[in-house]
Ligand code: ADP
């Protein structure tokens, strides 16, 4: 036994007694009661030897036979039967009754050789099996045997072979032995109990953690549709005739999203309560999968992803549950499409395969998307698990794959995943092929319930509407809305189009590209979006000199303080939590633009000076300062112009124009000329240079052009300043 720890023995016992039909607690009881049986069995071996061989008590040999026969039948039954408690209780009852007869034979309580404790031992052992009724029954039976012995004591005679010495010896031996057994079991029991309680406490803690995570995720998922519904209701109140037609459809679509979420949670609850049952049909699974793939085609097209189905020509006839299979495939396909960038490939492969001589349908969903980090692959099927992304803002609850995994288990199948970060993922499902269910004409297509049917299709996504948007009219500021939910976009457009020229982008990546292209006056962005979330976009915008001045309002469903802080620390100018109030949004956007106007006044007065120390850290200040340094350096170079500034700042002409006028409300060309002329004035006034020298040093080769410009700028001729 050297080298084998208690833990290993316990592990071996658990493996030996393992029964998938039992829950953890029953399994634990089975273990305790089995140890008790083994200990008493050892005790029987030793006493049989002492009583028969050493003390030569041959007349009670039958008692040993009863024990041996009991264990021989009892042990295998105990291991295999689900009702192991019945096996042990019946066995122990037989032993109690046998002990009664043995005591009657040896002359009653006083000359019982200690058999009186055997019954007590059995009754206590029954406690471990955890069946209260039987335990009570056993104690009652044991008491009855003692009462019977008491009643018959006077009429019993002690046989000759029971001498006082044998009686005392056996009595002491048995009592010590039985006490030792009880002590051992109590120790084991208490140890296990505390371990069990600890694991229960850990389980409760995990459930608690999961609950909190669920609430956060679920409330987040609920907020977006609710924002849209609330917004539409507000619009209906204000412009009933306009919204009467389109509103019901939109509200319905959002309700469907909510319903799907609720259904997902109900599915988890059903699985948990063992109430999810298979409704199998028999049909060609390939045909059914073809149908599902077709329903995803339009989503793939919208996301500019190629979806291909690769299956053998021959049909695969098997039993399957159409609704559950639909759920599984929907989750795998929508994930693959969600996490694959435009231009990527998603393949659905179906074939027949063999494993350990059993036939299986193999379904594999492969994508060329972002892949899953190695550390996350093993956790991907856990409930509420989401691959941590930079800002923990991937939409979803982390329930999809957990439900999928449970459903596949219910179908007696297996799911596995292989993934390489940045390269793609492959989810493989193996479902056993069987033929017991009834054949259905349309291969189960009509049996899919509408709520499970393909979640992402109901979530309308917007396309990049660049070309459709009206060209901006000069007066209104340009607002870029970055949001992936079509209905939220429509609602925002509705309330903002009066005051802003609106540009749209369906995700952070497109938003960033658009912002660089058009340099909008203000950006309103959602956080959770495919391809690039709002925070990442914000970070990139604020790190880029071309866009770092643009005020950004983050619109999110996450109302918790940490998310807010994260957004603000990256540089968001405001943070609005969905569902937001229309007036609040308008007010905040207006406020930011008002601040911008004040800033323009500051930077627009020439030459500008920083008004406070902090302004030196402002991106606007840094930008103007860089331009000033450039102009200063090239002051005498007549050929130096806007193209050179663009080159040095790594900006296109349009970007420079847009950014410069956003900060100063002035054009860069005019600013360059003013800068030169102010320098000229300074040279004339303070350094006493003549007009020709001054014009030359400030980059004006043509003297009369210099004079005209100077007059335009200051209202008098440069000659006036010559001393
Ligand atoms: P949810 O229900 O929130 O969509 P899932 O359980 O379906 O969550 O997925 C859990 C996580 O697994 C997702 O957040 C995502 O990060 C990751 N994931 C799932 N499928 C893929 C895939 N095909 N490519 C990359 N990541 C994936």
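From the backbone N, Cα and C atoms, a Cβ is placed for every residue, glycine too.
The stretch that TrEMBL tags with transmembrane segment, taken from the ranges 32-54, 193-215, is 32-54.
In the three-state DSSP reading, residue 526 (4-aspartylphosphate) counts as strand.
Listed by sequence, the residues of this chain that lie at least six past the ends of the transmembrane segment (86-103) yet keep a Cβ under 8 A from its Cβ atoms are 33, 37, 60, 63, 66-67, 70-71, 74, 77-78, 109, 112, 115-116, 118-119, 122-123, 125-126, 129, 131, 134-135, 137-138, 141-142, 145, 148-149. Sequence-distant contacts of residue 526 (4-aspartylphosphate), defined by Cβ-Cβ distance under 8 angstroms and a gap of at least six in the same chain, are 482, 483, 484, 485, 488, 534, 554, 555, 556.
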